Amino acid sequence: MAEAAVPPSGALANGGSRLMGVGGDGSNGGGGDEGGGDGLVPHPCLQTEFDALFQYSRPRKPGLRTRVVSARHRCAPAALPGRLLRLLLGLFPALSWMPRYRRQDLVPDIISGFTVAVMHIPQGMAYAMLANVMPIVGLYMAFFPVLLYVVMGTSRHISMGSFAVVCMMASKAVLRYAVIPDGPDAPNFNATAAPDAAAAAAGLPADAQYTPEQVVTALCLGVGLWQVALGLLRLGGISVFMSDTLVSGFTTAAAVHVMSSQVKNLLGLRGLPQRNGVLKIVYMYVDMAQHIQDTNFIALGISVCYVSALFIYNEFLKPRVARRLSFPLPVELAAVVTGTLLSYFLGLSGKIATLGAIPTGLPAPTPPPMELLPTLLIDSLLIAIIAFSVNMSMASIFARKDHYSVDANQELLASGFSNVLGSFFTCLPFAASLSRSLIQHVVGGRTQVASLVSCSALLLVLLVLGPYFEPLPNCVLASIVVVALKGMLVQIVDFPAIWRRSRADGIVWICTFFSVVLIDIDYGLFIGIAFSLASVLIMGQKPKTSRLGRVPGSDIYLDFTRYHAAVEVPGVCIVQIAGGLHFANKDYLNRKLQRIIAVREKEIARKMKKEGAIALTMDKQTEIEAGNDLSTKLLGKDGDTSQIKFLILDMSSVCFVDPSSLKGMETIYEDFKVKGIVLCLAECSAQVYERMVNCDFFWKFPDAQLFAAVHDAVLFALQASHPDGNDVGAAAKEA
């Protein structure tokens, strides 16, 4: 049984041989790389000696008694008011920054708020159409939930409200459970779709008849409850499961869905069947092709004019205007106003699809249909994660630019409670918009007071101006949506760059994109997350290994395949392991090390044969043919490898180990011991080494073969190769 080791200090990167040579009795054995001036041989510093030299002690965690006493002090009556105040300020951050609001921020916030409100009007009405609900719902969701987010949110710049991808995802539930009206004032001119089969499959009453607004409010409530639950569980880091590559592929594919859903409005087609499930987009285009003769040429002409005008402005005129004006021109609002006036004066309401009746005033608070919640759990969870990921991405960008912090868990709570509030006022789930957030920041918005100003402007529209937009053609809103999607659609040109940077990321992008486009948004997202996690697991299953060589005249060891000044130490194979060691890769590591030793032996054999200095003795019983099985030919009479005597593992880049991997390391030690190869470990981190001690790793592995630095292990190997002491100093200097 090997002697148990003392845990390490953790400061292991600069080993003992760089600092001093420590003799067994604690005396200086000749420090430095070349030995002391008195001719003593440099002594390799064992890990136990390193710990004793630098007074290592393992940090102790507070015991149960200490934690109980500390908790009792925190819950004492005297400390309770302070804790409640901190809880209140944490839950409502506006209570902290509102009293310190600066007067010089008021004018920029007012300008920014009115500018964003102008964008909310066309975007809100257009994106509401994606969810097959009344266009006014898009304005509701930019008003009611935003009021609460201003008080609870931690981001100063993101503009919350309608978001195309979230609205598109919500439309799936609407098409499944709601009865969508047909007629000249229907949101998307869809045929009546009674969802009897879906309602029956979900366990709903057979005679259940839900309006699109009822379905989206139930969905909004579900999204809010999921986000509140995730926030209370402190799961704000859930967005890390959605990498930038995954989000890029998903949003690009979602943009394809959004654009495809608007083509029928651009063409003025009516009465098309609703499509859901696999290959939905393909069937949508087949239906449109079969009804192409029903194209409304008035709607088509308006669509061509508005799409062309908006595209030309965004691509060619907008950059020039931005250099001369400090605020953006509201071209989308101009499109809405001109489209409304054109339809009104030309009498187009009966000839093409228009918004129709728009209610004035604020909706009365109405609870969503609670019986729909169980059937919408999965849909609401997906939307909750997507919306939160978008929110945190936008919030983090602006926080880094302006040097402030955002709290992911608080953002979950703010979004969740805001969605719960919005569900009682006919709202869709809301999220941050990239375009509006950028405008709010660029125009000069400094706090969420800009959102309050935006809500005030929208209140005027809801109370007074809503009916004036009733003649607005649907094809104008569809044109605004299609042009706005350009930013997401052009992400497809980023794919070659993603593929060049990382094949794994490229596979995740392309699988996510085609899964979302060809299957469906929710299933495609699940598939994308699965591929993303699988790529992480595959990378973690194979830790990186590299052979190290020594830079002559130093104690620096580098990957000799990359640094050609480094040379390998004769008789010693040094391998650096990078990554985590766990149950899934312990066998892979064993096979990898076996292959590395075999390759090293073949290289040595080829070099010796090339120099004419190799002499092979053929065994008469085995009759091994010359030139075959070099590893066998290098075995001595006792079966020991004649060239490689020491295998040193550089553990400095190993971030963690688990008990199974330590069992695998013991197997590696035993396997190489049988072959006559001594296994040494070097530069283990404190966390890794303490895990070794906890798992009784040193009952089998001798702690005398664990070193503070790679150079200490090399010195040990050289001294062990010269047990009689002859030329040890010369060998050490040569190494």
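Each residue, glycine too, has its Cβ placed from N, Cα and C.
Feature annotation from TrEMBL assigns region 'Disordered' to 15-38.
According to TrEMBL, the feature compositional bias 'Gly residues' maps to 21-38.
If you look up TrEMBL, you'll see 129-151 (among others) marked as transmembrane segment.
The transmembrane segment annotation in TrEMBL covers 158-179 (among others).
The list of residues near the transmembrane segment (215-233) in space but at least 6 beyond its ends in sequence, with Cβ under 8 angstroms from a Cβ of it, reads 131, 133, 137, 170, 173-174, 177-178, 366, 368-370, 372-373, 376-377, 379-381, 383-384, 387-388, 409-413, 415-424, 426-429. Here TrEMBL flags 215-233 (among others) as transmembrane segment.
Summarising the annotation, TrEMBL assigns transmembrane segment to 240-260 (among others). Using a Cβ-Cβ cut-off under 8 Å and counting only residues 6 or more beyond its ends in the same chain, the transmembrane segment (240-260) has close neighbours at 130, 164-165, 168-169, 281, 284-285, 385-386, 389-390, 393, 481-482, 485, 488-489, 491-492, 494, 498, 502, 505-506, 508-517, 521, 524-525, 528-529, 532-533.
Positions annotated as transmembrane segment by TrEMBL: 295-313 (among others). With a threshold of 8 Å between CB atoms, the same-chain residues lying at least 6 positions outside the transmembrane segment (295-313) that come near it are 265-269, 331-332, 335, 339, 342, 348, 351-353, 473-476, 478-480, 482-483, 486.
Look at TrEMBL and you will find 325-346 (among others) tagged as transmembrane segment.
Annotated transmembrane segment per TrEMBL: 372-391 (among others), in sequence order.
The transmembrane segment feature in TrEMBL is assigned to 412-431 (among others). Long-range contacts of the transmembrane segment (412-431) within the same chain: residues 91, 128, 131, 133, 137-138, 140-142, 144-149, 152-154, 160-163, 165-167, 170, 213, 216-221, 223-232, 235-236, 362-363, 365-368, 380, 383-384, 386-388, 390-391, each at least 6 residues beyond the stretch ends and with a Cβ under 8 Å from a Cβ of the stretch.
Per TrEMBL, transmembrane segment is recorded for 451-469 (among others).
The transmembrane segment annotation in TrEMBL covers 476-495 (among others).
For 507-540 (among others), the entry in TrEMBL reads transmembrane segment.
What TrEMBL records for 562-717 is domain 'STAS'. Over the domain 'STAS' (562-717) the predicted model carries a mean pLDDT of 81.
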For the transmembrane segment (451-469): best-contacting stretch of 129-151, 325-346, 372-391, 476-495, 507-540, by Cβ pairs under 8 Å: 129-151
Among the ranges 129-151, 158-179, 476-495, the one whose Cβ pairs under 8 Å to the transmembrane segment (372-391) are most numerous: 158-179
Contacting positions for the transmembrane segment (476-495) when only residues 6+ beyond its ends and CB under 8 Å are counted: 122-123, 125-127, 129-130, 135, 164, 248, 251-252, 254-256, 258-259, 262, 265-266, 302-303, 306-307, 310-311, 314, 332, 335-336, 339, 355, 434-435, 506, 509-510, 513
Long-range neighbours of the transmembrane segment (158-179), counting only residues six or more past its ends (CB under 8 A): 116, 120, 123-124, 127-128, 130-133, 138, 141-142, 145-146, 149, 192-195, 198-199, 202, 204, 208-212, 214-216, 219, 250-251, 254-255, 257-258, 261, 274, 276, 372, 375-376, 379, 382-383, 386-387, 390-391, 394-395, 398, 418, 428-433, 436-437, 439-440, 451, 454, 481, 484-485, 488, 520-522
